[in-house]
Amino acid sequence: MCCGPSAIASPPPPPPVEIQWQTKTALSIFPVIPELIKTDLTYTVQAGYDPTVDPMDLNAGLADNVSVDVSSPPPPGTSKRTPHSIIIGVRKGGTRALLEMLDIHPEVAVAATEVHFFDWDENYAKGLEWYRELMPYSYPQQITVEKTPGYFTSALAPERICAMNSSIKLLLILRDPVERVISDYTQVYFNRLENHKPVQAIENLLVRNGALNIRYKAIQRSLYDIHMRNWLRHFPLDQIHIVDGNALIHDPLPELQKVELFLNLPPRIMSSNFYFNQTKGFYCIRSDGRERCLHESKGRPHPVVNNTVLQQLRSYLQEHNRTFFRLVKRTFNWQ
């Protein structure tokens, strides 16, 4: 089935989405838009899947900042190889945490940066050798792991990865899709603040003309069933391991043990490799005599979203969640 045509039918168009407004609140660090506050009004829009440009997105530059370190010779007996496993997404699902935690394992060599080889045409045109050169040096007993969260929502990435290696093992980390939408907004919000660009309240992006803005890219990325169908056109389900991002945050070891098993790695990651950082509010890593936490951009405060808008978003995503559960033959603790 890999790399070939799919027998999976396209999904039917979704039903209309309605918004009924209530009072809105927001954290003081996030903008409040008074004109969004409406009462006793109902709006309807016919949903569609065509993505549009997200006005909050930063301009995505190519991976020109990726450079190959030629300052020192490689360790004897090592070589650069295309990945044995790829973390394909999802954006704001916990991909960085998963990669950093896998890096604890002595038989894992991780790529230092997101390469965007399979989802950006300009990089894919540079060829497989260009991609290989961006991988780390590894020993024969090690596996190479790359992560680019944009792969999961890319229309072209599944077929391109399959063409490189039809038996590759794929890691997909997902979290509650509503939380993921808010986290997506928060990342772009702070990025724009740091770059002195204008920002908008999250309700201004989640709602357009009184209706849920299902073309907002942050919502599009949370339609897990739509993207998963594309991957299952090219890979069997047993080659895609889904990591529960919510579980990884609260208790990382059990999720990582499942990943070790999936990747045929000997169990080397232990509970002693983690400690809970009370200040940051999440687990940090202890390995090789060092302690390290994720970048300060992780764990940023989220805005308080208008409750009516939040419930409409959750309601809209519920059917997509149920379809996704059927596709992957398991359920998650998402409402």
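Here the Cβ of each residue, glycine as well, is placed from N, Cα and C on the backbone.
Summarising the environment of LYS92 (active site, for sulfotransferase activity), the number of other Cβ atoms within 10 Å of its Cβ, over all protein chains shown, is 24. Per TrEMBL, active site, for sulfotransferase activity is recorded for LYS92.
According to TrEMBL, the 3'-phosphoadenylyl sulfate binding site annotation covers LYS92, GLY93, GLY94, THR95, ARG96, ARG175, SER183, TYR283, LYS298, GLY299, ARG300, PRO301, HIS302. Of all Cβ atoms in the shown protein chains, 18 besides its own fall within 10 Å of the Cβ of ARG96 (3'-phosphoadenylyl sulfate binding site).
Note: CYS293 (disulfide bond) has non-local neighbours ASN277, LYS280, PHE282, CYS284, ILE285, i.e. same-chain residues 6+ apart with C-beta under 8 A of its own C-beta. The annotation disulfide bond is assigned in TrEMBL to CYS284-CYS293.
The domain 'Sulfotransferase' annotation in TrEMBL covers 83-319. Computed over the domain 'Sulfotransferase' (83-319), the whole-number mean pLDDT of the model equals 95.
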Cα distance, LYS92 (active site, for sulfotransferase activity) to HIS302 (3'-phosphoadenylyl sulfate binding site), nearest Å?
13
Spatial separation of LYS92 (active site, for sulfotransferase activity) from ARG300 (3'-phosphoadenylyl sulfate binding site) - C-alpha basis, Å:
12
Between SER183 (3'-phosphoadenylyl sulfate binding site) and LYS92 (active site, for sulfotransferase activity), the C-alpha gap once rounded to whole angstrom:
6
Suppose we draw a 10 Å sphere around the Cβ of SER183 (3'-phosphoadenylyl sulfate binding site). How many other Cβ atoms does it contain, all chains included?
21
Identify, among the binding-site residues ARG300, HIS302, the residue whose Cβ has the fewest other Cβ atoms within 10 Å in this structure.
ARG300
Residues satisfying Cβ distance under 8 Å from GLY94 (3'-phosphoadenylyl sulfate binding site), sequence separation of at least 6:
ILE173, ARG175, VAL243, GLY245, LEU248, ILE249
